[in-house]
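A.B. asks: Mind having a look at this structure? Questions to follow.
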Amino acid sequence: MSPYALSVLMSSLAIGTITTLSSTHWFLAWMGLEINTLAIIPLMTKMHHPRATESATKYFLTQATASALILFSTAINAWTLGEWTITNLNPMSSTILTIALAMKLGIAPFHLWLPDVLQGLNLMTGLILSTWQKLAPMALLILINHQLNSSLLVMMAILSTIIGGWGGLNQVQMRKIMAYSSIAHLGWMILILTFSPILTILNLMIYILLTTSMFMMMINLCSTNINKLATSWLKTPTISASMMITLMALGGLPPTSGFLPKWLILQEMTKQHMSLISTIMAMSALLSLFFYLRLSYTISLTTAPNISNSNLMWRMQLKPLPALSTTIVLSLLLMPITPLLLTIT
């Protein structure tokens, strides 16, 4: 792809997200979401492969349906209340809008498009889809959190964590595993949304950090499935060890950064006298933890050596991406500054 076209598309992605984040009018927020969707589709199809075309088509149809629902719900809201302000919603518009934004994010039961779409993309576009594209819809949910149906959100959260853990158990493709990981993490975010939006923002920040570091290590190792990961320690033992610990952080094991949001969310849910839901969420997190630990065992240095039949890449030829070390450190060592993070957010 031409550098000029790439710069225009990346600028459009940034403009679309910033437009949605800074808008107080539903129509402007909808326009920002549309700019976001239209900007990423050429990035999806730049890899000339039928799977990439299929992914772009599925993504476009899903996002177009969600955008139509957003426009429909905001039009009903403007008709009943006489205004387009984001902070005022009637109950029916709120329910339709929750479903539409869940479709955009890939929250269960509207998640079926996400694993297939992510599998057809290259790793860098997959990174953008898993992190940057979550910002605008999640910001809208946070803005209207006090008007959302908490029972609907809790049901979708429980479903997302169970499906996110269950769906990733039988996968060997890393992009599909990261898609189911995204579904499970989004479940934790929307669970606490109506009770403590601050924890939702904190969870989103840590999710973006962990996912970014994971995708950057996969890009560096050129690994898209478990078999390639099994020989990654032959190329860069340091990055392989870092990936193993990052996977444990994604699973939420202490003392990594991934344990922080789960701990705080379960604590808050217990304070809200929702012990049963907290127990279900904690048990469903074990499903995700299982395949993270399986991956960690696959790439760990303690397994039997899997010698690759191809010519090995000389270690000095692999140049880690510039921000990789920063994201790895932040993914692992945020626990000691928990009080500061809570004060800032």
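Quick reminder: no glycine exception, Cβ is built from N, Cα and C everywhere.
Here TrEMBL flags 23-287 as domain 'NADH:quinone oxidoreductase/Mrp antiporter transmembrane'. TrEMBL lists 56-76, 96-114, 121-144, 150-170, 234-253, 273-293, 321-342 with the feature transmembrane segment. The domain 'NADH dehydrogenase subunit 2 C-terminal' annotation in TrEMBL covers 289-342.
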A.B. asks: Hey, does the transmembrane segment (150-170) touch the transmembrane segment (96-114), meaning at least 3 C-beta pairs closer than 8 angstroms, sequence gap 6 or more?
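C.D. replies: Answer yes, regions in contact.
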A.B. asks: As a test of reading the model: what is the averaged pLDDT for the domain 'NADH dehydrogenase subunit 2 C-terminal' (289-342)?
C.D. replies: 70
